[in-house]
Amino acid sequence: MPEYRSKTSTHGRNMAGARALWRATGMRDGDFHKPIIAIANSFTQFVPGHVHLKDLGQLVAREIERVGGVAKEFDTIAVDDGIAMGHDGMLYSLPSREIIADSVEYMVNAHCADALVCISNCDKITPGMLMAALRLNIPTVFVSGGPMEAGKTKLAEHKLDLIDAMVIAADDSASDEKVAEFERSACPTCGSCSGMFTANSMNCLTEALGLSLPGNGTVVATHADREQLFLRAGRVAVELCHRWYGGEDPTALPRGIATFEAFENAMTLDIAMGGSTNTILHLLAAAQEGEVAFGMHDIDRLSKRVPQLCKVAPNTPKYHIEDVHRAGGIMAILGELARGGLLHTNAATVHARTLAEAIAQWDVTQTDDETVHTFYKAGPAGIPTQIAFSQATRWDSLDTDRSEGCIRDIAHAFSQEGGLAVLYGNIARDGCVVKTAGVDESIHVFEGTARVFESQDAAVKGILADEVVAGDVVVIRYEGPKGGPGMQEMLYPTSYLKSKGLGKQCALLTDGRFSGGTSGLSIGHASPEAAAGGAIGLVRDGDRILIDIPKRSINLLISDEELALRRAEQDAKGWKPVEVRPRKVTTALKAYALLATSADKGAVRDKALLDG
């Protein structure tokens, strides 16, 4: 049987000094034979999705100790993409994912922890911790801080979120008073932003991967029911320890749970719910850490056969994550996919022997268990607060309408092709991605004129100055992992196109990425990126670009000979922006850029460079 990793520092005469230090943290004689479980928290007052996490690590710790473990909490960093958006702060967002993964590895391995509870929530924190969990491969369970309640105001008929505040601010026809009202109403509580943006998408995907508990992605942060998820996570961590160290059960480990089949399940869910395009980047990165051969071609294959069963903001103003929960949450979507034969239901989870068992227990349309039905009735209270578990409001009924409700069955899908797609062509040899869930069907095939910008900042200025017109394809390049560096999100350009009335009349192509709040014909992750010799660096103003989502293609409409000639010219000049960009690239960012791969590899470090 495997021995506790912690015995390295808790057993033997030569570890007297280490035990002395452990005792100084509060450990006693009887604790040295128990599993030491690390709690990776991510509390910070900078991020609304994490502002309420301060005491939640200790909530988990007390439960771990109650059921026979030793708990040791630490914190990692968390960047708020919305606050970092639109300035050089966004250069740090994606690189922070690697720092988070490293910091969890450093703490867990330095102190020989036996298991791990990951308390995450927002955009790069869940992916960073997921990468660490698969890298470490010790018993791990995820529990997130939960989604924010959607905002409300008398000035709008629909619920609000961050994107509404950004779009209204760029609308010249909106009064200052209306902008202020949207600003004050859009983000009313603690939690990750209320739509199917990156944070909520990733927290939902941990359910499909089998690494978190039912409801992890959908119970609002303010609801008392989420407290039970934290307590149960503590108990599950100890159970996983017993299963691995006491029984050598491989399904107690992240790599025994998050297998190739589990990654297919997660991506299938992602496509079905129209998740953020960033999830593709993060799943590819996590797969590499877990040594799972899951890549862009697998995503492309799945995107052609998985229907879209759920449509949530920013893809529609009608529904937010709180509405997904009322409809049965992620387990309900997985249930519909399973009935369509689209899942590997024999995959393991941290809370059930198989995904099939989990669905049977938690899908509200399959079970009569009143406890489960009550759980999914947990709803928003509409009271602004930064306090977790502060309300216990419940809907009067569940949304089980699978023909016209928030979650659909396959026969009544929003679209028979899913919400995400991979496009290939001479402008993106290794692929690029688009959230089809947010693209109006009238522009699924779009031919337009290239309007090229060498940075996001230049594109924003051009859009606001009305230099972009209907029929243009806005090309923003040298914003990839290396070229940015840091692969900025392009939320401001897409929001400003909307506010200018061009959301359905223009396309945007970039080697950068998009916020989970983006909608419209926004195509990101063009690979290879311009800084790595990608053909997006060869596009010129006035070129024609053809985008064909049904055919999964994107092409620069010039001859192969012209493309080769341009490449030779660019090779001679060097692959860098034509214009000097007023951008401070620090040593930390240069270190990230030096090792970063393009988006089709998850923008992770190039291990070939490290291994020499």
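Positions of Cβ are set from backbone N, Cα and C atoms, glycine also.
Just so it is clear, the model here is predicted, and its values are computed rather than measured.
Among D80, D81, D164, only D81 appears in Swiss-Prot as part of the Mg(2+) site alongside D123, K124, E489. Listed in sequence order, the residues V79, A84, M90, S93, L94, C122, T198, A199, N278, S515 complete the 8 Å Cβ shell around the Mg(2+) site centroid, once D81, D123, K124, E489 themselves are left out. Annotation note: D81 (Mg(2+) binding site) sits in a helical segment as assigned by DSSP. Cβ neighbour count for D81 (Mg(2+) binding site): 29 (other Cβ atoms within 10 Å of its Cβ, all protein chains included). Using CA atoms as reference points, the recorded positions C122, C193, S515 were checked against E489 (Mg(2+) binding site), and the closest is S515. Nothing from the binding-site residues C122, K124, C193 places its Cα within 10 Å of the Cα belonging to S515 (active site, proton acceptor). Cβ neighbours of K124 (Mg(2+) binding site) (same chain, under 8 Å, six or more residues apart in sequence): A78, V79, D81, S93, L94, S96, R97, I100.
According to its DSSP assignment, K124 (Mg(2+) binding site) is coil. Neighbour counts were taken at the CB atom with a 10 A radius for the binding-site residues C122, C193; the maximum falls on C193.
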